[in-house]
Amino acid sequence: MKAIIVRPPNEGVEVKDITLRESTDGKIVVRTRLSGLCGTDRGLVTGRLTFARPPPGYDFLILGHETLGEVVKGNGEFSPGDLVVPVVRRGCGSCLNCMLGRQDFCETGRFTEIGIRGAHGTMREEFLEDPKYLVRVPRELGDEGVLLEPLSNVVKALTEMEYLQRRSWWRCDDSTYSCRTAVVLGSGPIGLLFSMALRSMGFRVIVANRRPPSQVESEITRDIGATFLNTSEHEDLEPDLIVDTSGHPSAVVPLLPRIRKNGAVILFGTTGLERYELTAEEITMLVENNILIFGSVNASKADFQAGVNLLVEWKARYPGVLQRMITKRVSVEEAPQVLKEKVPGEIKTVIDWTARES
């Protein structure tokens, strides 16, 4: 079958016909419909992500962790034709968090991640999967279901934020978040998904970038009731919550003195390409104002399931928005080029594995 592979730690990507040695015991056969592309995939292609590794016994790694698939051969839980999305991280099998299904909090670091670390991904025509790692997607969601994996990370981060902010009464006098302002740094797919989730929670949302919005970004932020702000022109923000999806300290640190008392900062984006100074005065401000700062990565199966409910809500509440987030579709043969460099105006590019069937 065709698959899109890399050979960590080397740079490069190729479409290749492969044969795998995989056990079928208890597994479900899933045909890949769409593969989403993200910065992690491109980091693997460039060789920048040094933690990438093939599965034992292989000298290559099949890419793919953002996936929408269709069950070909099921079991009692899943039937042929069901749309499914796989959970990315698989536990180490030894720490308590992993044994309790919270491999997103693995304490040993010996987890695997499909298409990233030690396990083949889903950028292939078909894959076998343990049903406990599959999440069913309603057929009415259709292709927008490919957004579930990135959304699961958003759900996890905001669930953590709500839990941690119980340290004080942070809701408004009507028990909602309607009096709170969230600034989301970055207007890529993760930034927009955070913005939609925060709007669903009742926050006033400002999507911030250091450039003007594209037409699609402008339309989406308008339609979800958020505001797009070019931070190179405006410096008067006073957020209660900052969500950084950019990974650039130079975007986050200057905002810290403006965050309101008892506020929170979620660090989600990573780049590893920039250094920025945090002064003693800024640290004092964080201490004196009870500012919470935490990082968040990956998600549990429960976060995926909660994400399904949000996608269903948004498809009805914001008609056309999820569809517009998928800004480009490419064939399998075109995939290497878009994996090497970002498409201009991209929010989410997907590889359509069904294109050859039409």
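A Cβ is built for glycine as well, from the same backbone N, Cα and C atoms used for every other residue.
Record features, source Swiss-Prot:
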type	residues	note
BINDING	Cys38, His65, Glu66, Glu149	Zn(2+) 1 binding site
BINDING	Thr40, Glu113, Glu149, Asn153, Asn298	substrate binding site
BINDING	Cys92, Cys95, Cys98, Cys106	Zn(2+) 2 binding site
BINDING	Ser187, Gly188, Pro189, Ile190, Asn209, Arg210, Arg211, Phe268, Gly269, Thr270, Ser296, Val297, Asn298, Lys342	NADP(+) binding site
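Under the DSSP three-state reduction, Glu66 (Zn(2+) 1 binding site) is assigned to strand. Counting only same-chain residues six or more apart in sequence, the Cβ atoms lying under 8 angstroms from the Cβ of Cys106 (Zn(2+) 2 binding site) belong to Arg89, Gly91, Cys92, Cys95, Asn97, Cys98. There are 16 other Cβ atoms within 10 Å of the Cβ belonging to Cys38 (Zn(2+) 1 binding site). Secondary structure at Asn153 (substrate binding site), as computed by DSSP, is helix. The Cα atom of Asn298 (substrate binding site) lies nearest to that of Glu149, taking the binding-site residues Cys38, Glu149, Pro189, Gly269 as the candidates.
Gly269 (NADP(+) binding site) carries neither a helix nor a strand DSSP state and counts as coil. Counting every protein chain shown, the number of other Cβ atoms lying within 10 Å of the Cβ of His65 (Zn(2+) 1 binding site) is 24.
One way to see the shell of the Zn(2+) 2 site is to take the Cβ centroid of Cys92, Cys95, Cys98, Cys106; the remaining same-chain residues with a Cβ within 8 Å of it are Gly91, Gly93, Ser94, Leu96, Asn97, Met99, Gln103, Phe105, Glu107, Thr108, Arg110, Phe111. Taking each of the binding-site residues Asn153, Asn298 in turn and counting other Cβ atoms within 10 Å of its Cβ gives the largest count for Asn153. Taken residue by residue with DSSP, Asn209 (NADP(+) binding site) is part of a strand. When the binding-site residues Pro189, Gly269 are scored by other C-beta atoms within 10 Å, Pro189 scores highest. The Cβ of Glu149 (Zn(2+) 1 binding site) lies under 8 Å from the Cβ of Gly36, His65, Glu66, Thr67, Val85, Val88, Phe304, each of which sits 6+ residues away along the same chain.
Apart from Thr40, Glu113, Glu149, Asn153, Asn298, the substrate site neighbourhood in this chain, defined by C-beta within 8 angstroms of the site C-beta centre, holds His65, Val88, Arg89, Ile116, Pro150, Ser152, Val297, Ala299. Nearest to Arg211 (NADP(+) binding site) in space, judged by Cα atoms and limited to the binding-site residues Cys38, Thr40, Glu113, is Cys38. The number of other CB atoms found within 10 A of the CB of Thr40 (substrate binding site), across every protein chain shown, is 18.
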